[in-house]
Each structure stands twice: as C-alpha cells, then as structure tokens.
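Annotation comment: Swiss-Prot describes 16-36, 347-367, 369-389, 396-416, 440-460, 472-492, 537-557, 863-883, 888-908, 911-931, 968-988, 998-1018 as transmembrane segment.
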Amino acid sequence: MQVLPPSSTGGPSRLFIMRPVATTLLMVAILLAGIIGYRALPVSALPEVDYPTIQVVTLYPGASPDVMTSAVTAPLERQFGQMSGLKQMSSQSSGGASVITLQFQLTLPLDVAEQEVQAAINAATNLLPSDLPNPPVYSKVNPADPPIMTLAVTSTAMPMTQVEDMVETRVAQKISQISGVGLVTLSGGQRPAVRVKLNAQAIAALGLTSETVRTAITGANVNSAKGSLDGPSRAVTLSANDQMQSAEEYRQLIIAYQNGAPIRLGDVATVEQGAENSWLGAWANKEQAIVMNVQRQPGANIISTADSIRQMLPQLTESLPKSVKVTVLSDRTTNIRASVNDTQFELMMAIALVVMIIYLFLRNIPATIIPGVAVPLSLIGTFAVMVFLDFSINNLTLMALTIATGFVVDDAIVVIENISRYIEKGEKPLAAALKGAGEIGFTIISLTFSLIAVLIPLLFMGDIVGRLFREFAITLAVAILISAVVSLTLTPMMCARMLSQESLRKQNRFSRASEKMFERIIAAYGRGLAKVLNHPWLTLSVALSTLLLSVLLWVFIPKGFFPVQDNGIIQGTLQAPQSSSFTNMAQRQRQVADVILQDPAVQSLTSFVGVDGTNPSLNSARLQINLKPLDERDDRVQKVIARLQTAVDKVPGVDLFLQPTQDLTIDTQVSRTQYQFTLQATSLDALSTWVPQLMEKLQQLPQLSDVSSDWQDKGLVAYVNVDRDSASRLGINMADVDNALYNAFGQRLISTIYTQANQYRVVLEHNTENTPGLAALDTIRLTSSDGGVVPLSSIAKIEQRFAPLSINHLDQFPVTTISFNVPDNYSLGDAVQAIMDTEKTLNLPVDITTQFQGSTLAFQSALGSTVWLIVAAVVAMYIVLGILYESFIHPITILSTLPTAGVGALLALLIAGSELDVIAIIGIILLIGIVKKNAIMMIDFALAAEREQGMSPRDAIYQACLLRFRPILMTTLAALLGALPLMLSTGVGAELRRPLGIGMVGGLIVSQVLTLFTTPVIYLLFDRLALWTKSRFARHEEEA
C-alpha cells in the first residue's frame, strides 16, 4: 500500500492523478468532440480571406471605348463612388463592354455591399443611354479569381447556337442556383438570334435606308398587353399574331411598297438563324465549343461548391441530346484535395517521427506510449474548437497542426522526464507523479503562455495577410493550450499507473548502448560548458555576433510575398497587333493552341477570342492551360511556362503572357503576369506621354521580365467628320448619322423574340462581304427632309485615326497597369526597389501618381509591418515572462536566445534558395516561441536550486544545464522532426509548406548548439549585474 504524499503536493495535477476514471472520461470526451469536429469541418486550400467583390457588366454592342466610358462607365462610377465601405473601384471600357469591379473593405458583409450596388445602379438608370439593350448586371464574384471548374460543351451534330441555347436554359441556370456559385459564364458567344444582313446596294437602288428597315422590323415584332373582354357571362383574353419567331417569317416581312408592289425583307437582305454576336468564339483543345466557367462567390467554400456541381452534372447532362458532350476540363478542387492530403500525410509523418524520438530517448515502451497518446489527443481535440470558430481544414491549419506536433509533445516529455527521475531515485509511482507534476507545473504554464504570447501579434496583423494567418495562429494556440491541459492531467495520471522502477530499469542491449551514448554526450557537454563559463566574455561576443549577423542577413536576404504555387492550371493572355480583326485573331489563336497542345505536360486547353466581360479587345485572347497531375509530368509549372513561351515565340505576330493560378487572389483584374504597377493621371494625354517612357526603362531592368502594359492607343478608328452645315441644309442631324452607322456596323439588337423558355434577339447589320474595310462606309445612305436618299460621302469625310482600344479607370481617373514577372535569380523585393528607383529618375509630374497593386501592394504592406510584428512578439513574450517570474532580468536572459534562431533560419533559407516571404516569417516568429524553451527549463531549475538548496548561481546553472540537457535535446529534436516533413515536402502545394519547414529546421539546429552555452553565461552576467545594482542601492540608502 502506497503512502500518499501530503495534499499540498501535486499542484493542479493532484485532482486528476487521484481520480483516474474521471480523467480518462474527460480525455475521451475531448477525443470524441475532436473526431466529430473533424468530420464537420469543410476543406479548402486556404482560409477564406476574400475581399467582398462585385463585378458590374454593361454591354452596348457597337459602342466605341470612348462612348462606353462617357455614356455608361462614368455615370455608374459616380454613383458607386458614393458607397460607404468601398475600398477600390476599377473599370475597363472597351468596344461594346463596360466592366466595373468594386472591392469593399474586409469588414463589410457581401450582402450589404450587394444592396448598395443595386441601389447605385437604380440611381444611375436615368443617366444611361436609352437604347441600351440590357441594364447593367452585377455578379458577386472577383473577376481575377480563377474559375473553380471549367466545362466544355461540344457537339458533332448540332450547331453551336442550339448547343448554347440548351446549355444556358438547362445547365447554366441550374448551376447558378447552387450555394457558393457567384457567376457562370458561357464563352463562345453562340447565343441564338435572327441576323438580318442588309444589301446596301439593293436598298439604295430602291430608295430605302437602313433606318427604314429597322423601323419596319421593330414595328412588326411586338409582344405587349392587349387587354380582355368582360361580357355578361364570359371573359375573353385578347391575343394576336404580333410575334415573328423564325428567320423565314422575317424574310416575308413587307418593309415598303414601290409602284404598288411589296418589297419584302428577303428582297434586300439575307435573313438567317445565327449567333447574336458573330465576333465571339471559344475552343476546347482544337474543337469549337461552348466553354462554361464557374466562379465562386467571395468567401464561399470551393470544395463543397464543386462537390455540389459534380453531384448535379449527371442529372443535367441527361436532359441534353446524346450528340452533346459535356466534359470537365479543369477542377481546382482536385489539386486542393491533393495538397490537403499531402499535408495530412506530412502531419502523420511528423507524429511518427516525434514518437520515434521519444522512444529513442526514453527507451521504454510504457514511457513512450504516454506522450504517444498525448500528441494525437491534443491535435484531435483542436478540431472541436476549429468547428466552433468556423475554421476549415486547409493547408495553413494543417501546417499549424504539423508544427504543433513538435510543440505539444514538449510538455508531456518534460512531465514524464521529471516523474521518471523521481521513480528512478526510489519514489513510488504515485508519489513520484504527484511530486514531479507539482514541481514541473509552473514550468509547463510558463512554456505554454509564453509560446501563446508569441502568436498574439499574428492576430493583429492588418488587411488580408492578417486574416490569412488568423486561423493558423489560433489553431496552433489551441493545440498548445490543449497540450498543456493534457500534460497536467492525463500525462501524470498515466505515469502514476504505467511507470515503475522495474519498467524503467528494464533494459535491453539497445537501451544500454544508447544510455552509455547519452552519458558520454552529457559528460562532453559538461566539460564544454565548464570551459565556456570560464571564458564568459568570449561567449558573450559570440552571442553579440549572432545578433549582428541576424540583422545583416535580414537586410540582404531576398524577400518575397507568397510562394508561387503549382496548382496545375496556367492562365494566359495572347496579344496581337492592335488592328487585328476577330477573324485574324481566331486564326492566330488556333496556331498557338496547336503549339501548346504538343507539350507533354499539357492535358487540355480552353481559349476564347472576342470582347466580353473578361476580354477587353479583339486583339487579345484568353487561354486556360490545364496541366497533367504533378505525378504524371516531369516539370513543375514554372518550367512548363518557360518551355511554352519559348515554343510560342516561334509563332509570328503574337505575344504570349502566362502565369500559374494561385489559391490566394488579391487582384481584382485579370492580369497578364503575376505582379502589377499602375500609373494614374487626370487625363489620357498625360498617360500617353509618360507610359512609353516608363515602359522603355522598365523593360531594360534585369530584375523584371515579361514587362507589358494594357495601354493600347494604336487602335484603328474611321473618324466620320460630318459637315454639319451641309447636313443641316438637307435636314439631316447627327442622330440620323449615328443611327445609320449603328444599323450598318454595330450588330444592332433591334427587336426581341419572346418564347416560353428564353428571349432571343434580332440583329441588324450590313452585309460587308463584298465591300470590306473603309469601302463599306460608301454604301451608307441617309434620308433627307424631302424624302430623298443622300449618300454619307456627300456630307462627311472619312479620316483614319488612332485611338485607345480600351479606357481603364481606377477610382474614376484614367489609369494604366504595367504588368511584370520576376526572373528566377531575383526576388520580388529586388523588383519593387528597381521600379521605385526607376520612377525617381523620370521626375514624373505631380498629376501622375504611381502605386503597386494586388500581390505587390500586399507585399509592401507585409514587409513594412514584419519588423514591428517581430518586435511585438518579443515584447509580448517579455511581458508574459516578466509577470510569471516577477523579474525584469530573467525574461531578458530567456530572450537572449532569439538571435541564434534568426541566424539559423535565415541561413537555411539562403542555402535552400528560398525567399523570406510571409510563410518563412511565420516560421521565424514560431522559432521565437520554441528556442526560449531551452532557457526557461534551465533557468527554472537554476532558480529552484539557488532557492531550495542554497547553491551558488554558477553551480545552480551548471547543474540545471546538465540536469535538463536530455529533455532540452529531446524537445528540440521533437520540434525539429515535426518541421522536417514540411521541409522535405515534394507533393502538391509543397511550395507553400517548404519555407516554413526550412526556416524552422535551420533555426532549431543553430539555436540548439549555441543556446546550450550562451544562456548559462548570460544568466550569470545578469546575476552579477543584479548583485551590483543591489549593492549600489544599498550603499545609497546607507549614505542617506
């Protein structure tokens, strides 16, 4: 029968040691809550940190960029600019399309932003053109966010117009209704319509004009209310044959009479079923297709949204004819799942490595089982809290848990090692557990709260980076907190029941050999420590040198923002000469597609040509290149991009810009490259002067590659210079001229065909097959005041000019975006500094302002706050340690270990060729919390030895170092092995995880070697300083 120690021993652990059943059931409850939480947690690539973003699209076929800007974009911008919570407003006005992107503050709910946008559109309605075919349409989507899923719809038997009609009514609408879907776009432009192609010579010969034809068609096709008859006994609804549904009906339409004979539309025009916009086209690989891009709402969960789409697809495709084939070309969730699975595997590897190192040190199966239970219990219990906080299982939270593996085992190791020491001295297991847990309880609390204090500044990081790492910091803090609870409850209880003198003394050949090895290591460490303590100033100079070296490394190490990920999808922009037509661009696109599809890493390709909400001009094309899975290709995405660009360079007359899609999207515009820099002015003339000069200098910088600009001011314009006096004499005004031109060349939507399922347009244009180019303007006829027909050439001269293909605004002022990539041998920090230096040499006028955008702007913000973030972490730790130790000096001793960790981390990043990005910075901040554990364990035991055994400070710290050497080595190796799988990561998403592992492993190795010697020396130096200070105060008091 064991004699119980007095009730004062055991500290907070006593109750749990004495009540094993209650303790076990409490841990089972934590385990079950964690398992349930894990099953309920959503899966995503990263925490949901999207800015609330809304895109407003207005289509006005035939309108020039200048007309779109002044008549559509500007009135809408004035209303949007008055909305509260608006962070940034950008717009792009091109031929026939206005796209305005509204980005709101992170704190504003998306639904509130939606209400404000709708109210602003309503307020601007009266200011918009009266003949606008459709009102502005808004979507809760970030246009720069790559689609979560891309589908291609093809048919070998049906025309694309019929295919799009079915897809729009039967598939796209249903997918749009799925929760989380922000926008479904159909690229390819094959919406059904009746196209009326006027024969200009025919109508001129008959004395007619295009306006006569337009008026006849609009009057012949109506769909309006007609009333009803209410008799004594019956009510009758009125109806009529006021609708024309087919091209044949329109051919038979009488548009005029001549000499008593009817002139039908078919006599003067080709009327056919066709596409609403003939200048749009999309291809899947080499086959013409309707490409369906599904984008999510900001904040929506990608995995659950994609799963819902896939569940619905079989049902939707069953409603389509057998000749129509629906193919999923890309699904971002495939790579997201693979990345999360790889991170989960690395988490399991970290747990296995940590348990292995525990066994290596303890050499006892029961003693290994105890922390082997504590580690997964702490991690699994974290899932329950994550559900409560609306977190997800993503790369960052799983990285936090992987790193936590090395943290959470530390507490259990410290407790087991201390209890085992008493058992080996002859104490009974229960008494040893109570005594050992009570003795170590304060150390556990110090370790836990000082480590959590390091994470507190992460919660106060601003903007999107702070939101991004909020889940990381809280997940890690929760795991550490649960670990402390388990270590003070379950661990000592299990030690009291599972450990014994017999089990600890039982040794096999491996145990005996390893014990001798550890004894030799400790003896060698003791001899080295004695020498170091005899030469304190030399050791102090080493510590100061590490501080200086860490500062120098911080200044010179290449700096970046976020690792470039290989998600298996490449976005591309194809650029041709500014005067390129749709036909010419489509031909060039097919040439490029042939080259791209020959690459062995490419699985599929979708491409799009034409002007719509995503593509600003006819001389550009959008591409999405889907790569094979990572394990099926030899090269990562950056090498594939370099290879594709080299191959496409052989295609004459085009420039190809490629960038890999990323899980973190900060930009609001689809860019040609990864990084952006803007020039903003009060006028387009100022931009036209300075953009070429800046571009010329930037293209010469070695720190930049793929430098391009969206400034395109060489678009061909046929300027119709009307002699207003001559026109007035003939009774012709400018509205007549505009109408005639719009009827002929604007693909004008002049009437609507209504059906039960959809609405279709009647499109009016001139047939220009026989009169291409500017010669087509000679066929334009206008009606004079006396009813005669007047050729346009009699009242106007045609001048060929240049004008912008698109006009871009940022916060209502003209802007140009310069896009660039960074070569492999330079960092983003180098590129940013080079641009800023170049800008200074130009001496830009005051009305030109410059600013980095998207990721580059976030990089500048993060870089500026990093130093303060680390300072805040150090200050927070000092405050916590000062409160716990009731001392101003001991926290400084503990914090003196930090420079060694910084040196190790920065050196490791340099050797590995990694940039100092936000992921690596998080690793350095975590190192601050890890390496101070060594000092805490040393100082705690040294202070206890001085206080309880009356040892001198030198003897106390010397004995503490030797006594705590094994747990220090064990906990450091556990943390190192917890980070090792991240450092060695090679799977999907490895780019994101590797910097964290590299920094932590390097920092732990260097700090482990140095702090074992520098901390005791600094402890003694501060002890002497304290004694000297006390003696000075005592002397002053005596003199007083």
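In case you wondered, yes, glycine gets a Cβ from its N, Cα and C as well.
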Selection from 16-36, 347-367, 369-389, 440-460, 911-931, the stretch that has most Cβ pairs under 8 A to the transmembrane segment (396-416): 369-389
Which range out of 440-460, 472-492, 888-908, 911-931, 998-1018 gives the transmembrane segment (16-36) the most CB pairs under 8 Å? 472-492
What stretch, picked from 472-492, 863-883, 888-908, has the most CB pairs under 8 A with the transmembrane segment (998-1018)? 888-908
Tertiary contacts of the transmembrane segment (968-988), defined by C-beta under 8 angstroms and 6+ residue spacing from its ends, are 335, 338-339, 342, 345-347, 349-350, 353-354, 356-358, 361, 399, 402-407, 409-410, 413-414, 417, 566-568, 630, 923, 930, 933-934, 937-938, 994, 996-998, 1000-1001, 1004-1005, 1008, 1012
